[in-house]
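The feature compositional bias 'Basic and acidic residues' is assigned by TrEMBL to 94-103, 123-133, 159-169. TrEMBL lists 135-158 with the feature compositional bias 'Low complexity'. Residues or ranges marked as region 'Disordered' in TrEMBL: 1-61, 73-169.
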Amino acid sequence: MGRNISHGRGGAGNIFSGTGESRTTTKDLVTPTIKQDVFTTGRGGSGNMMQNDPQHPELARELQDVETPPLRMEEAPHHTGRGGVANAYFPTPEEEKRMREQGEAQLARVKTQEAQLARVRTQSKDRRKDLEHTAGAAHPPSPAAAVASGALSSSESRPASEERQPSSS
């Protein structure tokens, strides 16, 4: 039987027994997607509002993701809650060993996830550039934009009706 640990301000609801192993299911691994047309990034404010692109949900998710929290290794004696002798926790050597092994496994998972996220970010940016390039090629610039860029001379951009005016001589 595992140890009971008290945390929080007190009461029967704040007693935890570390005997049960948590089981991860496939439902736990599904990343939620944003359904709204506009979503927030950061702590709030109108400057943090972004348009959602339903074709690329990974971009919205990436903008909302924050840094990975630091790992907490609780393999040493520590306090839970607000303090006091009743909240002191002293792990056994077996618990310290198990926590150390779990921490190493968690660190390996975090490094793998960060590498995958970096790969997704790169792929997302490359895909967006490709889409912008493809969209730009599908819509040639207007004559005014072509003149502004120097691709056409101003005489080439005039409508045909202006070029065929009869001379007065």
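Cβ atoms here come from the backbone N, Cα and C positions, even for glycine.
Any TrEMBL annotation is an automated prediction that lacks curation.
Because the structure is a prediction, the values reported are computed rather than measured.
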Task = May I have the DSSP-based helix, strand and coil counts for the residues of the compositional bias 'Basic and acidic residues' (123-133)?
result = 11 helix, 0 strand, 0 coil
Key: Summary of DSSP states over the compositional bias 'Basic and acidic residues' (94-103), given as helix, strand and coil counts   = 10 helix, 0 strand, 0 coil
